[in-house]
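Undergrad: Sending over a structure as structure tokens; questions will come in a sec.
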Ligand code: ACO
């Protein structure tokens, strides 16, 4: 950014280059030429926020900041992984439309694509699948660690903790600038997350752990660890195996969402990737993010019957009840392309296992919202989580477990984004600024001069 003096003495008009913005500061009458960054592939335009720091009223002034709570309009990185056009309902991984990947690819091929940027050749795919398949076992102490949780512990709390604990088993993973260490950590996380997820399921149900069967493909192996009982070899329902693979693909990445931003921010401190993705799982747990799939089912259960839908919609609009969970998105201002695919998938699964009893409520909710001025004017459409819960439930997963399945898919995106962040020379430790609005300097005067410690014996206050 350059500064052009247009004060009375200067009287020089700003000479903005074609790729620069001209900013005039009314406090000083100075004009600044703010260089625009090279456009993104799809035409995204931005200026460097730190260029605004040149705009100051005095030399010791900190300089102008941009204020952007919740990062509504801040690009925190340049990324070549995922593209979303929220107005047109477009989602692409590495340039490939999500619809094509969901129809023709597999989750492990998509995970390869996300990390490497290109689709694998047959040899590359063979060795990628081999490496993941032969890292599915976890240290036995992870199984013991999980038994320390109460049977009714939330599965996302268990997953967050188990992934963070995994970091202690691989101290070499801290060597994040060694490409071989990064590779093996990525392989381990893709391989072991389904194993841990299945162990969590078995712990919830009080069932013995089933160890990986590495002769099975990725999704079937996970379903075997979840559902196998006394049979020597588990054979998954092909409709479930296919649905799971497509859902993992749909969840694999979604650019700079809350959990991915958490992974990048935590990873920017150069912590190991196990710790960074544990932060991602924690962020995903929230009901405004991945936890929405659980919240949708709880909402549908609360509505109870299709006839109660109109009253529920009125409650949401009146701001008295909760939000319409599974609706709305920070980026999509039209139908979430993933939700379209999930809806079709739900039809295929229900054709196999029978109609879910609550599908009618979901369809009525969708219809009511899509025809209601409140939702239409706010551009609120179903997001990916609206129908996924119904599919997971028809596969007999407990409601509180749904977000674990989301995390299994998103692991591929978190790891690719983490590595892209590390290799990006422009990235540093994430450290936003603030606008301080608290008390100005004041002198300490204790309020506790007569304070006596509480000497009551009982620890639980009545
Ligand atoms: N139901 C009712 N009203 C809603 C909803 C909803 N689901 N979502 C947004 N609104 C309304 C808000 O009340 C607000 O109205 P106002 O302008 O009258 O105040 C307006 O729409 C804009 O909402 P914001 O909260 O500003 O939108 P934001 O982009 O911050 O939030 C979010 C996006 C969090 C996804 C929101 O739409 C929401 O809470 N949805 C429900 C939870 C959900 O389904 N989350 C999953 C998202 S997908 C994912 O993370 C995988």
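Glycine is treated like the rest: Cβ placed from N, Cα and C.
Okay, so TrEMBL annotates it like this:
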type	residues	note
ACT_SITE	329	active site
ACT_SITE	385	active site
COMPBIAS	8-20	compositional bias 'Low complexity'
REGION	1-31	region 'Disordered'
Undergrad: Per residue, counting other C-beta atoms within 10 angstroms of the C-beta, which of the active-site residues 329, 385 reaches the highest number?
TA: 385
Undergrad: What is the interatomic distance between the Cα atoms of residue 329 (active site) and residue 385 (active site), given in whole Å?
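TA: Each residue's Cα considered, residue 329 (active site) and residue 385 (active site) end up 11 Å apart.
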Undergrad: Give the helix, strand or coil assignment DSSP yields for residue 385 (active site).
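TA: DSSP call for residue 385 (active site): helix.
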Undergrad: For residue 329 (active site), which DSSP three-state class applies?
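TA: Where residue 329 (active site) sits, the three-state DSSP reduction gives coil.
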